[in-house]
Structures are given as C-alpha cells and as structure tokens.
Amino acid sequence: MGTVMMIGTAIGFGLNPLLSQLLFQQGFSPEVVALFRFGIPMLFVLPYLGAMKHNRSEYLRSMAVGACSGVGMLAFLESLHWVSPTSVIMIYYTYPLFAMLLGWLCFGQAITRNRMIAAGIIGLAVSLMQGSFGASNASVGQVLLCFVAPASYALVINYFSRPVRPLKVGERMSAAMAGHMIVIVPLVGMIQPTIVLPVTAEQSWLILGLGVFSAAIPQYLFVRGSLLIGGEKATMISTFEIVFALLFSVMLLGQSISYLELVACSLIVIAGLIRFEPEPLTENINLSLSTQNLRHGN
C-alpha cells in the first residue's frame, strides 16, 4: 500500500509545474501561486493544530521543515520565469542527491557504493543541462537558486521518514503547512500582487486543482507512504515524478525537450533506482512502530 501511495504522490506532485505555469499565464505571481498551493491544504488540516499543545516540540520541528519547504517552492516557482521550465523541473528532481547528502550529514545514513554511483550519475545529468542554462541567459545566481527547491524537499523526505517523535498524519501536515504559511503570507503582503483572488471560472478550477490534486492529496499520500515504506524506497519511487512532470508539460503545454534533456531525465531516474538499498532491520522496526503509533493516534 505504501508503494501505491508513493506512486500517487509522484503523479500528483508531477501536476504542480503544469498548473503553476497555467496560473502564471493567467497573471498570477509565484508568491500567490505558492499561497494557494499551501493555503488550500492548510484548510483541510486546521483542526489538527489544536493538538500542538500535546507535542509542542515535534510540532515546532515539523513547522521548521515546512518553512524550509515553503522557501524551496518559492524558489522553484520563481525559477520558472528565468530558466527553461524543463530545466527547472529536471533540477528539482536532483533531490535524491541532496537526500543522500542530508541523510549522511544529519540523519546518520551511510554513504554506500550504490549511493556514490547514483550521486555521480546525477552530477552527470546536471552537467548535460548546462546548454539549457546558457540558452536561457540565466545568471549564475538564478541557476543556483533552482537548487534550493530540491535541497528543501530532501530535508522533508529525510525528516518525515525519520521523525524524532511520531505524529498523526493530519498533525504533521498541519505543522508543515503552518510553516509554509509563516513564510508565504508575509511575503504576499509585502509585494502586494495585482491579482490575488480568481475572477473567472477557469482560474478557480486551476487554483482548486493546484491546491487539492497537486498538493493536499499527494502530501497526505507522501506522509503516509514514507512512514510505511521508509525514506529509501520513498525517495526511489518519488524520482519518477520527473517523468510525469515532463510528460504533462510536453503534452499539455506544448513545451519542447531537447535530446540532452531527455538523456539527463533518464539518468536521474536511473540514479534513483541505483541508489535504493533496503534499510536496516532496526530502522524498519522503528518505522513500523512509528506507523503503529500514527494509526493509534499516539
């Protein structure tokens, strides 16, 4: 069941670049798009915020992770204006490399031969995308900003699959969403965008799709799925998001993808498969206990 949930996560999150670009075409700013993407899921989990008083420290940790994720999503959406969308999408899906590094530096994961090989393959994929960076006339700073999103998502993967203390799915989602909003709401107030609320039915449907089908549902599936199957397998399956994201953009937006970008995409998927290694028995037991606690509401 955890594997099925992660596949659903990959499809849902793969819709995010498509729906975001459609909203950009309607005149919405990246900050407003991020506000709806995180604000709508927040409405579903608001009742769980009241449980914060029972486990304040874990709530605050999850909020901090959510704030980092919010910064990453803002960087991702802004990058779509500076670098070709296909390149931004592929850079985002280099997050398995960042997941490996953060897992090693902060979560005690060993760097194995498979992970080293996968890291090298992802590095090769990034090098193949240099031509796309040059064609977009993006500055070095703008290109580097593209990597904020995969780094932040890598933090989410590592912490949500190895939390210090268990929380119910709704509780952890509410904490993460609160962290998102702490970053995004003040920013929207500062920039004062020209369009905030939808004025047509098309805009309303796009916003609903962004908030529900590319955020709320896949976020729920991710939290549940990563606890059920562990961070390693969750990262491996999540790599296939790049396939869905590029497929949606090419088929529904008519965006082109070069031969080198196609090769880079294939390399990223291959790296995700190579890096997968079954987690130690003790870690699987801990994850199982976390899942049981989550089911029983502890």
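From the backbone N, Cα and C atoms, a Cβ is placed for every residue, glycine too.
Automated prediction, rather than curation, is the source of TrEMBL annotations.
What TrEMBL lists as domain 'EamA' is 2-129, 143-271. TrEMBL lists 30-51, 63-83, 89-107, 116-133, 139-161, 173-192, 204-222, 234-253 with the feature transmembrane segment.
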Query raised in the report: Which of 30-51, 63-83, 234-253 has the most Cβ pairs closer than 8 Å to the transmembrane segment (139-161)?
Result: 63-83
Report task. Name the range, of those listed as 173-192, 204-222, 234-253, that has the largest tally of Cβ pairs under 8 Å with the transmembrane segment (63-83). Result -> 173-192
Requested in this report: With the transmembrane segment (204-222) as the reference, find which of 30-51, 173-192, 234-253 contributes the most Cβ pairs under 8 Å.
Outcome: 30-51
Report summary line: For the transmembrane segment (89-107), out of 30-51, 173-192, 234-253, most C-beta pairs under 8 A are with 234-253
**Report entry** Three-state composition of the domain 'EamA' (2-129), taking helix and strand from DSSP
**Finding:** 108 helix, 0 strand, 20 coil
Query raised in the report: By Cβ distance under 8 Å, which residues at least 6 away from the ends of the transmembrane segment (173-192) in the same chain are close to it?
Result: 29, 31-32, 34-35, 38-39, 41-42, 44-49, 52, 58-60, 62-71, 73-74, 156, 167, 219-220, 223
Report task. Check the domain 'EamA' (143-271) for me and report the mean pLDDT. Result -> 86
Query - Tally of DSSP helical, extended and coil residues in the domain 'EamA' (143-271) - result: 104 helix, 0 strand, 25 coil
